[in-house]
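Below is one structure, written out as structure tokens; the observations come after it.
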Amino acid sequence: MSEALNVDIQEIAKFEKMAATWWDPDGEFKPLHQLNPLRLNYIDQTSGGLFGKKVLDVGCGGGILSESMARLGANVTGIDMGNEPLEVARLHALETGVSLNYERCTAEEHREVNREAYDVVTCMEMLEHVPDPLSVIAACCDMVKPGGYVFFSTINRNLRSYVETILGAEYLLKMLPVGTHDHGKFIRPSELIAMVDQTELLCKDATGVTYNPITGTFRYTSSVEVNYMIATVKPLE
């Protein structure tokens, strides 16, 4: 862990090694490609539409979500600390002609010159990969405008999530490389909401996400036992 930055060097290194396959729909990031339509729809519908809005994607990686939000007409900036994923993201945007901006920085660094600058902030599948998730949540709160939405997604920490996400997805189904996740870093919904409550953000909605290995598709569910997303809003002043 860096002393100055909220970064886990080992986590960054894992995703640097896999970066070349980020946009392969049948590669190591296949689950993200399968999940993306669901999370994109949730963000778009819950926020009242992304078209014309200024959006920040925290922990954007290779840009799967960032690019899809830009395709809906959002003015998107994606930030990440991985050099290789960002290079992949920039190259793919050039190849596909999608206009958006990528920067290498932490959420805390980006906040210094972007307070209350965004209509929507997304932080998806990222909190379980940093040493201090509360610090990221606070930075996201500071960067969204009053009345704007901040979205988080992560994985619950319990026996079922260990069986499905690590034993199932990494070891049995080979959906993800072994070691992608650390069960000890998963975040219970109560813990996430407790952290959100330490900021100005108000939790407005939560939904679970479940995977069907037979059809290879994700769908919404009322259960937040494994994967889940929450929508928060910053109150108007």
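Heads up, the Cβ atoms here are built off N, Cα and C, so glycines get one too.
Note on Asp80 (S-adenosyl-L-methionine binding site): other Cβ atoms within 10 Å of its Cβ, all shown chains, come to 25. According to Swiss-Prot, the S-adenosyl-L-methionine binding site annotation covers Arg39, Gly59, Asp80, Met124.
Annotation for Arg39 (S-adenosyl-L-methionine binding site): same-chain Cβ neighbours under 8 Å, separated by at least 6 residues, are Leu65, Met124, Ser153, Val209, Met229. Sequence-distant contacts (6 or more apart, same chain, Cβ under 8 Å) of Gly59 (S-adenosyl-L-methionine binding site) comprise Ile79, Asp80, Ala107, Cys123, Met124, Glu125, Met126, His129. Look at Gly59 (S-adenosyl-L-methionine binding site): DSSP puts it in coil.
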